[in-house]
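Let me begin by presenting the structure, written as structure tokens, before commenting on it.
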Amino acid sequence: MEQEMGELRRYRTQSISRGEFALSDSFYFYIKGLESIVDDQVTQRFSSEELVSWNLLTRTNHNFHYISLRLTIIWGLGVIIRYCVLFPLRITLAIIGLTWLVIGTTLVGFLPNKRLKNWLSELVHLMCYRICARGLSATIQYHNKENKPQKGGICVANHTSPIDIVILANDGCYAMVGQSHGGLMGVIQRSMVRSCPHVWFERSEMRDRNAVTSRLRAHVAAKTNLPILIFPEGTCINNTSVMMFKKGSFEIGGTIYPVAIKYDPRFGDAFWNSAKYNMVNYLLRMMTSWAIVVNVWYLPPMTRREGEDAAQFANRVKSAIAHQGGLLDMAWDGSLKRAKVKEEFKEQQQKMYSSMVMGKKGRNSQEPHTETTRRQ
């Protein structure tokens with residue numbers, strides 16, 4: 001900031017080292033604002049990734065019929081295949097998977113034997129999630145399976161879509177963390193918790209950070225419990241970057257098992273733009289895509305270093321996930337998807353500028369007072 005403002009003042013006799021305000025300083029903030037508008041690296045993470053070539057889906061190119069008649073005919077055949085052949089099969093598989101999940105977990109929940117109950121619960125969960133993955137025509141490649149999350153640990157991953165859970169649970173069982181819901185989702189949650197120690201919170205509990213942390217710590221302390229699955233970004237990002245991880249997940253303690261998820265948008269865009277599509281519309285788009293192609297990397301387990309706070313640990317894990325998945329590592333908060341920039345960010349810029357302009361004056365004005373104090 002000081003260097004760029006110095007360049008703006010180069011035609012003036014007044015330098016920034018004099019500790020005085022210059023009207024030309026305002027141009028620095030004006031230029032930065034225009035640069036942010038032209039090259040906005042934040043809000044574009046909340047919309048679908050642009051493809052280099054068309055994948056024969058209307059949602060990625062609304063002007064397909066102006067390209068050529070041959071391509072339009074091929075697109076029409078694709079619509080028939082996706083909506084008349086693939087979609088009914090996928091819907092059938094999804095209904096079977098969810099129905100068996102509710103029935104199976106409810107029946108397992110009545111068993112008294114803990115060891116048998118846990119074994120059957122994991123079997124039912126794996127079976128149901130794999131059926132649901134087939135309902136999405138998911139093609140998943142898992143890498144470095146020796147680093148899979150272990151019981152009593154915490155699995156953290158970048159978040160692109162609600163189906164991230166299906167993708168990860170297709171290769172292992174996890175304890176889910178989330179808010180309790182009503183309706184169909186509530187029925188599924190209540191049946192799942194009968195057979196497996198998932199952690200569901202009421203809306204009032206979600207606002208109590210200490211209550212959430214204590215329940216998660218209690219779960220992690222039991223080394224026989226399934227690893228907790230958490231998405232620290234707190235919102236869905238379009239799978240081109242990883243945004244700021246909330247530090248709460250890293251204050252629990254225990255071992256962190258990072259997981260990087262990277263979707264291939266050429267066959268179907270897995271990103272859920274919740275501001276544009278509701279859950280039903282989103283699932284319809286997923287089930288009418290060509291396929292969901294994804295790579296999953298299990299990273300080596302990580303623990304907090306000595307003298308490292310939760311925020312620093314979260315950034316270190318985030319950087320490792322971004323590097324492995326070929327994603328852009330961003331420091332911005334994903335909550336900007338729905339909220340404005342926090343006032344504290346603006347205040348930081350104001351304090352930096354104030355310290356530059358008033359810093360030398362402040363030091364000079366304090367020196368006589370310091371000398372007087374020393375003499376007294």
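Even glycines carry a Cβ here, placed using N, Cα and C.
A quick note: this is a predicted structure, and the numbers were derived from the prediction, not measured.
Some features that TrEMBL has for this protein:
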{"type": "COMPBIAS", "residues": "364-376", "note": "compositional bias 'Basic and acidic residues'"}
{"type": "DOMAIN", "residues": "153-264", "note": "domain 'Phospholipid/glycerol acyltransferase'"}
{"type": "REGION", "residues": "346-376", "note": "region 'Disordered'"}
{"type": "TRANSMEM", "residues": "67-85", "note": "transmembrane segment"}
{"type": "TRANSMEM", "residues": "91-111", "note": "transmembrane segment"}
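Counting only same-chain residues 6+ beyond the ends of the transmembrane segment (91-111), those with a CB under 8 A from a CB of the stretch are 117, 120-121, 124-125, 127-132, 134-136, 187-188, 191-192, 194-196, 287. Mean model confidence of the domain 'Phospholipid/glycerol acyltransferase' (153-264) amounts to 85 (pLDDT, 0 to 100 scale). Taking DSSP states H, G and I as helix and E and B as strand, the domain 'Phospholipid/glycerol acyltransferase' (153-264) has 40 helix, 26 strand, 46 coil. The list of residues near the transmembrane segment (67-85) in space but at least 6 beyond its ends in sequence, with Cβ under 8 angstroms from a Cβ of it, reads 54, 56, 58, 288-290.
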